[in-house]
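Comments concern the structure below.
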Amino acid sequence: MKAAISLIIFFAILFVVIEAISYEEGKELFQKERAECVGDGQRCADWAGPYCCSGYYCSCRSMPYCRCRSDSGK
């Protein structure tokens with residue numbers, strides 16, 4: 001019985017450690033992506049980057065000249 005409880009506790013701790021590591025990696029990737037964004041009127045490509053910063057969307061009125069536009073003007 002003690003072995004089963006110990007095994008359950010071991011796997012619970014292992015799960016928590018794995019989740020903490022994957023959360024930190026995801027957070028780091030998100031911050032890196034936000035640092036490489038472009039602003040209003042700059043060239044963008046939603047499918048491959050560079051991506052528009054928060055508050056902007058990629059508008060492709062004439063391919064391949066896509067530009068970041070403000071979300072407020074939609």
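The backbone N, Cα and C atoms fix where each Cβ goes, glycine too.
Here Swiss-Prot annotates a disulfide bond for Cys44; of Cys58, Cys60, the partner residue is Cys58. Checking each of the recorded positions (Cys60, Cys66, Cys68, Ser72) against Cys53 (disulfide bond), the C-alpha distance stays within 10 Å for Cys68. Around the Cβ of Cys44 (disulfide bond), a 10 Å sphere holds 23 further Cβ atoms from the protein chains shown.
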